[in-house]
Amino acid sequence: MPQKLLKTAHYIELGSYHHWPVLIPQRIRLYTYDQIPLFLKENPYITDGYRAHLPSRLCLKSVFILSNETVNIWSHLLGFLLFFSLGVNDLSSVLPSSGANREDYVIYAIGLFCFQVCMLCSVGYHLFSCHRSEKTCRRWLALDYAGISVGILGCYVPGIFYAFYCNAFWRQVYLLTVLSLILAVFCAQVHPDYLSNDWRRIRMAIFFCVAGVSVIPACHWVWLNGGFTSDVVQVFLPRVVVMYLIAGSAFLFYVTKIPERYFPGQMNYLGASHQVWHILVVVMFYWWHQTAVYIMHLRHSQSLNFLPQVLEPLHAQVCNMLIQVVQCLLLYMLP
């Protein structure tokens with residue numbers, strides 16, 4: 001019979017408290033930045049509280065100890081539970097009471113499923129990043145990045161669907177464009193150097209472009225609805241701006257490593273930039289979900305008359321122009 005593992009006291013530095021006792025199971029210890037493997041060294045301003053050299057079983061067990069990954073793990077684990085409960089509530093109560101149709105059910109299911117996948121991939125990486133196998137750590141890191149792409153897709157789908165609710169053509173164009181971008185990101189992740197430190201800036205640039213391209217359909221939506229003075233734009237644009245502000249703030253914390261950059265060693269367990277990034281991502285997803293619920297309520301209420309049917313003549317002209325361009329290209333390419 002294996003001997004039961006005992007718990008020993010480990011003293012950590014938590015802010016101004018230099019002797020904060022934490023009980024951790026035997027065979028799990030916390031390391032300093034200088035002691036961890038090279039593939040775990042991403043933030044030199046986090047100087048202590050690292051888990052390392054653990055098998056899968058102890059990685060799972062470490063979820064209940066206080067380390068510099070505890071907030072990262074639990075923020076998105078609770079985020080997953082939040083979006084799962086929102087999904088149950090939406091499908092059983094919110095959508096039926098709003099007179100939602102089948103398309104609404106599909107859109108909400110896709111959006112919330114994407115958010116949950118993003119949360120779980122993040123939890124998996126931060127839980128198993130301390131694995132003794134670098135290959136295992138890299139696989140979970142790839143899943144974490146893939147989860148970010150899926151989360152971005154979960155923002156795009158309801159946003160584009162309801163923004164271009166009366167424009168099936170542009171709705172399909174933008175949805176296909178977004179899907180193509182996400183697939184391109186997945187293809188880039190196959191590159192053997194994608195997860196290396198040399199590609200760190202390239203990775204950030206790729207995700208920034210995928211998220212930033214949303215400005216194009218947003219501006220197009222404003223133009224189709226008559227500009228910034230129209231009622232529908234004044235109602236919904238502030239919600240879009242708030243979402244961009246939350247996303248921009250999260251990205252800023254992620255890139256600059258503030259505040260631990262100015263307080264090295266003081267934010268090892270609480271208050272680090274990556275923890276702020278995690279919390280802001282959950283807030284952003286929740287805000288966008290509530291925005292989609294609000295728009296859906298208006299679409300299926302008497303306020304629908306308040307929403308313009310947008311520029312159908314212009315839409316028809318654009319469609320005809322694109323069809324003619326495609327026909328010309330086909331005639332030119334075919335013998």
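Cβ from N, Cα, C; glycine included.
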Checklist outcome for this item: Per TrEMBL: Zn(2+) is bound by HIS274, HIS278, and from HIS126, HIS131 the site also lists HIS126
Next on the checklist: Pairs 6 or more apart in sequence, C-beta under 8 angstroms, 3 or more of them: is that satisfied by the transmembrane segment (63-85) and the transmembrane segment (267-288)?
Outcome noted: yes
Checklist entry - Out of HIS126, HIS274, HIS278, which of the binding-site residues has the smallest number of neighbouring Cβ atoms within 10 Å? => result HIS274
Checklist entry - Which listed stretch (140-165, 202-224, 236-255) has the most C-beta pairs under 8 A with the transmembrane segment (105-128)? => result 140-165
Next on the checklist: Which residues of the chain, 6 or more past the ends of the transmembrane segment (236-255), have a CB below 8 A from one of its CBs?
Outcome noted: 155, 159, 204, 208, 211, 218, 222, 228, 273-274, 276-277, 280-281, 283-284, 287-288, 291, 294-295
